[in-house]
Ligand code: F6P
């Protein structure tokens, strides 16, 4: 069996651990051959981006961030953008992808990615390609699986940042606003906010009121604590102010997906009208996705990589591997399209509120 492997969408720590697990088990136990496809689906459209992927290539990659295959979040074969006469033109090149897989002699494709990459995989299956998927994202917002690898590492990075910001906030009596990734989901902000001892946690699932945040900051200063740490998701917005914040999002044909950001600055501007304390904004940005994966993410990614082969050998195409109640199982690829969100009435939010931490609602 000859399998193509690609990583698509934004990178996250653990991708290399997955590739290593897949290639090692695939080679040793199944005798399969692998072809590494570079830069996500782009590698199946553009020439010269497919190469043999052997165990030798995976040596030493386990602790490395990024992906040895490269990735892209702007290469959708169903609306593939190219620049023509100074303009971006989008075309459906999915037939070309099928042809390329045939030319490469692939018996199947392993697509590792987030909701975008996996829903493209499902559409390619509908066109006759044999694909198994594997979920990944630091946002942890895929409904098919209890956890995606990359999330644990990002949570550690954000927690450490919050710890560090605490000491400087306290020294200067400042309000520190920390903008955290997660797109439209608040898992990363919620969990790292809890772990990093944030005083206010603002997530997209619970629109906040500026008055409520101001009140929390004021209550803290009357208790002789004149600094505050506010963890805010990049997609969090004030009540009734969704459009104002989402105005900062842009979709650029051929250049990538919708980009969020600016929620920290927007909040700081609103707060400055009400409080006298100095306010500083830290946007953690892509630091949250870079660097070496945590041990937990290495293990989860390795398990995913190994499990993919069970699906392949059983002919369970159009499925992806997923973690459910501690087990790695197969779920239909179509599951990946349902996005998961923090439950505002869930236990974690309730317990956090019960400790006096504000969600600004
Ligand atoms: O989905 C992962 C993620 O890191 C989001 O948290 C963030 O909104 C987005 O990707 C950033 O995308 P880009 O790498 O294109 O800036």
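Note: Cβ is positioned from N, Cα and C throughout, glycine not excepted.
Taken from TrEMBL, the feature domain 'Phosphofructokinase' covers 2-311. Taken from TrEMBL, the feature ATP binding site covers 10, 74, 75, 114, 115, 116, 117. Residues or ranges marked as Mg(2+) binding site in TrEMBL: 115. Residues annotated as site 'Important for substrate specificity' in TrEMBL: 116. The feature substrate binding site is assigned by TrEMBL to 137, 138, 139, 174, 181, 182, 183, 234, 280, 286, 287, 288, 289. Taken from TrEMBL, the feature active site, proton acceptor applies to 139.
Among the binding-site residues listed (10, 74, 75, 139, 183), 10, 139, 183 have a CB atom closer than 6 Å to some atom of ligand 1, in sequence order. According to its DSSP assignment, residue 115 (ATP binding site) is helical. Between the CA atoms of residue 116 (ATP binding site) and residue 181 (substrate binding site) there is a gap of 17 Å. The ATP site in the record is lined by 10, 74, 75, 114, 115, 116, 117, and its two most distant CA atoms lie 14 Å apart.
Same-chain residues at least 6 positions away in sequence with a Cβ under 8 Å from that of residue 137 (substrate binding site) are, in sequence order, 9, 10, 12, 114, 115, 148, 150, 151. Under DSSP, residue 280 (substrate binding site) is assigned to a strand (E or B) in the three-state scheme.
Over all protein chains present, the Cβ of residue 183 (substrate binding site) has 22 other Cβ atoms lying within 10 Å. Long-range Cβ neighbours of residue 287 (substrate binding site) (same chain, at least 6 residues apart, Cβ-Cβ under 8 Å): 157, 161. Residue 139 (substrate binding site) has 117 as its nearest neighbour among the binding-site residues 74, 75, 117, going by CA to CA distance. Here the candidates are the binding-site residues 74, 75, 117. The one whose C-alpha lies nearest to that of residue 280 (substrate binding site) is 74. Comparing residue 74 (ATP binding site) with residue 183 (substrate binding site), their Cα atoms are 16 Å apart once rounded. Between the CA atoms of residue 117 (ATP binding site) and residue 183 (substrate binding site) there is a gap of 16 Å, rounded to the nearest whole number. A C-beta separation below 8 Å, combined with a sequence spacing of at least six in one chain, links residue 289 (substrate binding site) to 10, 11, 12, 13, 65, 138, 150, 154, 181.
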